[in-house]
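Please find one structure pasted underneath; my questions will follow.
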C-alpha cells in the first residue's frame with residue numbers, strides 16, 4: 001500500500017536494529033484517514049471470504065480493526081491484555097509474550113462474543129514474532145471458530161512471525177512489508 | 001441519539017444500581033457502523049469549532065474517537081494507561097482514579113503530539129465520575145493547549161462528572177444520557 005509506505009518513510013523512526021516507531025500515525029497518535037484506507041484495503045483483499053467477525057488486540061489494533069469492520073459490516077472484538085487473569089469460565093484466555101517489553105501477558109475474549117459458527121479475520125498493527133497472532137489463534141481454536149485470514153498493517157519480514165503464519169497455511173495480507181533497516185532507513189521487501 | 005438509545009435498551013445490561021455493561025457494542029465487541037454515526041454526530045455538534053486534535057483514553061475511547069477524527073480530518077491521540085510511570089521529560093502525565101476497579105492509574109501522552117497551538121475535542125465512551133476527563137484536562141493544561149469541547153457516548157447524569165464539567169464551563173455533548181436504572185431497566189434523562 002503505497003500511501004502507507006510513504007507515511008512510514010516520512011514519519012517512522014528507526015530506533016535500533018529492529019524497532020520501528022510509528023506512534024505518530026498508528027500506535028499513539030492515529031491518522032483516521034489512513035486507518036480508513038487500511039480498512040478498505042483489507043476489505044478488498046478478503047471480501048470474497050464469508051467473514052463474520054474481526055478480532056484484534058488492544059490498544060493499537062483497535063483503530064485499523066474498527067475501520068475494517070466498517071467495510072465488512074461485521075462486529076469487531078478486541079482482546080483485552082492482562083498481566084495475570086484469574087480462572088474464569090466466561091472468557092477464553094491465551095498467553096502472549098512481548099519481546100519488546102519482555103513480559104508475559106495474557107489476553108482474553110469473552111465467550112459471549114466468539115462462537116463456533118464465527119468466520120474470523122484477524123487484524124493487527126504489527127507482525128514481528130507473531131506472538132499476538134499465536135494468542136488470538138489459540139483463542140479461535142478454543143472457541144472452535146474458523147480463521148479465514150490475517151490482515152497486518154506493518155510486517156517485519158525478518159522476524160519469525162511470517163514463517164509461523166505460513167506454516168499454518170493461513171492467508172495473510174500485510175500492507176507494508178519491511179525487509180530490514182539500513183543506516184536508519186527502512187528497506188521494504190520486494191512484492 | 002435515537003439509534004444509540006435503542007442499542008442501549010436492546011443490548012445494555014444493568015448489573016446493579018449504577019453499572020451499565022455495554023461490552024457487546026462499545027467496550028469489548030465494537031459496532032463499527034454505530035461508531036461511525038457517533039463520530040458523525042460529534043462532528044455535527046462541534047464542527048463550528050477550530051478543532052485540531054481529538055484526545056481520548058485507551059482502550060474503549062479509541063473506536064468513537066477515531067471515527068470522530070475521520071470526520072474532522074484531524075489526528076487522534078489516545079492517552080496510555082499505566083499502573084505507575086517513571087518520571088520522564090518526554091510525556092505529560094496525570095492521575096485517573098477508577099471507581100469501578102478501585103485503583104489509581106496514571107495516563108500519559110507524548111509531548112510530541114500535543115502542542116500549545118492545539119484546539120482539543122475530548123471524546124470518551126463514558127462520563128460517570130469524570131476522572132478520565134479530569135486527567136485529560138490536566139494534560140491539556142500542562143501542554144497549554146485549548147479545550148474546546150467534550151463528546152461523550154454515554155453519560156450517567158446521576159454521577160458527579162457532569163457537574164464537574166459544567167463548573168468548568170466546557171461545552172459538552174452526550175449522545176445518550178442515563179438518569180438512572182429502575183428494575184433493571186435504563187431510564188434516559190429528559191432532553
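Placed from the backbone N, Cα and C atoms, the Cβ positions cover glycine too.
Pulled from TrEMBL, these are the listed features:
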- A:20, A:27, A:156: xanthine binding site (BINDING)
- A:128, A:129, A:130, A:131, A:132: 5-phospho-alpha-D-ribose 1-diphosphate binding site (BINDING)
Of the binding-site residues listed here (A:128, A:129, A:130, A:131, A:132), which is spatially closest to residue A:156 (xanthine binding site) when Cα positions are compared?
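Checked the binding-site residues A:128, A:129, A:130, A:131, A:132; minimum Cα distance to residue A:156 (xanthine binding site) goes to A:128.
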For a quick check of packing: other C-beta atoms within 10 Å of the C-beta of residue A:130 (5-phospho-alpha-D-ribose 1-diphosphate binding site), how many?
22
I want to verify one value. Collapsing DSSP to three states, which class is residue A:156 (xanthine binding site)?
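Reduced to three states, the DSSP call for residue A:156 (xanthine binding site) is strand.
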Hey, for the xanthine site built from A:20, A:27, A:156, who else sits with CB inside 8 A of the CB center?
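Surrounding the site, in chain order, are A:12, A:19, A:21, A:22, A:125, A:126, A:128, A:154, A:178.
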Non-local Cβ contacts of residue A:129 (5-phospho-alpha-D-ribose 1-diphosphate binding site) (under 8 Å, 6 or more apart, same chain)?
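In sequence order, A:99, A:159, A:160, A:161 meet the Cβ cut-off.
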Fill in the CA-CA distance, residue A:132 (5-phospho-alpha-D-ribose 1-diphosphate binding site) to residue A:20 (xanthine binding site), as an integer in Å.
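Residue A:132 (5-phospho-alpha-D-ribose 1-diphosphate binding site) and residue A:20 (xanthine binding site) have their Cα atoms 17 Å apart.
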Pick from A:20, A:128, A:132: which of these binding-site residues has the biggest number of other Cβ atoms within 10 Å of its Cβ?
A:132
For a quick check of understanding: among the binding-site residues A:27, A:131, which residue's Cβ has the most other Cβ atoms within 10 Å?
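Max Cβ neighbours within 10 Å, all protein chains included: A:131.
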I need the neighbours of the 5-phospho-alpha-D-ribose 1-diphosphate site defined by A:128, A:129, A:130, A:131, A:132. Which other residues of that chain put their C-beta within 8 angstroms of the C-beta centroid, in sequence order?
A:96, A:99, A:126, A:127, A:133, A:134, A:159, A:160, A:161
Please give me the CB contact count at 10 A for residue A:156 (xanthine binding site), counting all chains in the structure.
24
